[in-house]
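> I'd like to ask you about the structure that follows.
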Amino acid sequence: MNIYRRYGWELALAALLVLEIGLFGLSNSRMLDINVLLFSTSDFICIGIVALPLTMVIVSGGIDISFGSTIGLCSIFLGVMFQAGVPMSIAIPLTLLVGALCGLINAGLILYTGVNPLVITLGTMYLFGGSALLLSGISGATGYEGIGGFPTAFTDFANQTLLGLPVPLVIFMVCVLLFWLLMHRTHSGRNVFLIGQNSRVARYSALPVARTLCLLYALTGMASAIAAVLLVSYFGSARSDLGASFLMPAITAVVLGGANIYGGSGSILGTALAVLLVGYLQQGLQMIGTPNQISSALSGALLILVVVGRSISLHRHLIYEWLQRRRNTVV
């Protein structure tokens, strides 16, 4: 009973995931092939890598909508470093540092100005996106071509397997474990929840609010850089638009995973399951030949239905009391 009460939403998401795969399997048997299920994750799992630290940012009462532009900037930065003759063993760590720096810029501006994080990260979204386009233009990468010619060892990395699993999926699983430990088993993770519940009280309680927020936004930036490296390896090309489509799926996964958009509550495991739920929904709809427009609409409908269902489950006692009062009034 305690497990259900503590992980009830995660169990519900897991049940929905199994049901979703089963329903799509009735229309297309390939959806039930374990190899298809495993290797199709490479098409969407990078969204999950970014969604994990984004969960912690949202739980803290913040938001970061600049990560898509950060992915594009880190992607093209990696390509420019390679073009300049910098070894990949140096270019990749530098790319991770650029991602972390983008996150720290977000945190610094939010803390210094006191402006709503949505407004700040909206501005940095255009700043990082414009910087990516500038670098792309300087390097001569135009259109969808990007910067190619990377070493075979690098381009093969994201397409290889480790212990029978695709490398991007393995990296995602490691990230889930690390962020779960950070959020649910450390003092810093506890501080994240306290800051999200009431940041003013957290400051008066001498909690390290500034340091915690800097850590969260830096981790989101670094996760964006990791996603950029994996995407460049997977596609074999560095482009400034690689993260352009990540914004809504990542936020959808975080909210669907159980995070309160106003802060104070959330779950890393819930986000991880929601990433798979949304990702396999897109994959399944593609397999049965559903147009992209309808696919996006169904994803939005799923989010609304599940969030409404969660709201009802969280406030079921209030709904029951209201129904009882209505019944007594009628009688």
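Backbone N, Cα and C atoms are what each Cβ position is placed from, and that goes for glycine too.
Okay, these came from Swiss-Prot:
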type	residues	note
TRANSMEM	7-27	transmembrane segment
TRANSMEM	45-65	transmembrane segment
TRANSMEM	67-87	transmembrane segment
TRANSMEM	90-110	transmembrane segment
TRANSMEM	118-138	transmembrane segment
TRANSMEM	162-182	transmembrane segment
TRANSMEM	212-232	transmembrane segment
TRANSMEM	240-260	transmembrane segment
TRANSMEM	261-281	transmembrane segment
TRANSMEM	288-308	transmembrane segment
> Is the transmembrane segment (90-110) packed against any residues at least 6 beyond its ends, judged by a Cβ distance under 8 Å, and which are they?
62, 64, 66, 70, 73-74, 77-78, 81-82, 117, 120-121, 123-124, 128, 213-214, 216-226, 228-229
> Out of 7-27, 240-260, 288-308, which stretch has the largest tally of CB pairs under 8 angstroms to the transmembrane segment (67-87)?
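Result: 240-260.
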> Out of 7-27, 162-182, 212-232, 288-308, which stretch has the largest tally of CB pairs under 8 angstroms to the transmembrane segment (261-281)?
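The stretch I would name here is 7-27.
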> Looking only at residues six or more beyond either end of the transmembrane segment (288-308), which have a C-beta under 8 A from one in the stretch?
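That would be 16, 24, 27-28, 249, 252, 255-256, 277-278, 281-282.
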> Is the number of Cβ-Cβ pairs under 8 Å between the transmembrane segment (212-232) and the transmembrane segment (7-27) three or more, considering only pairs separated by 6 or more positions?
no
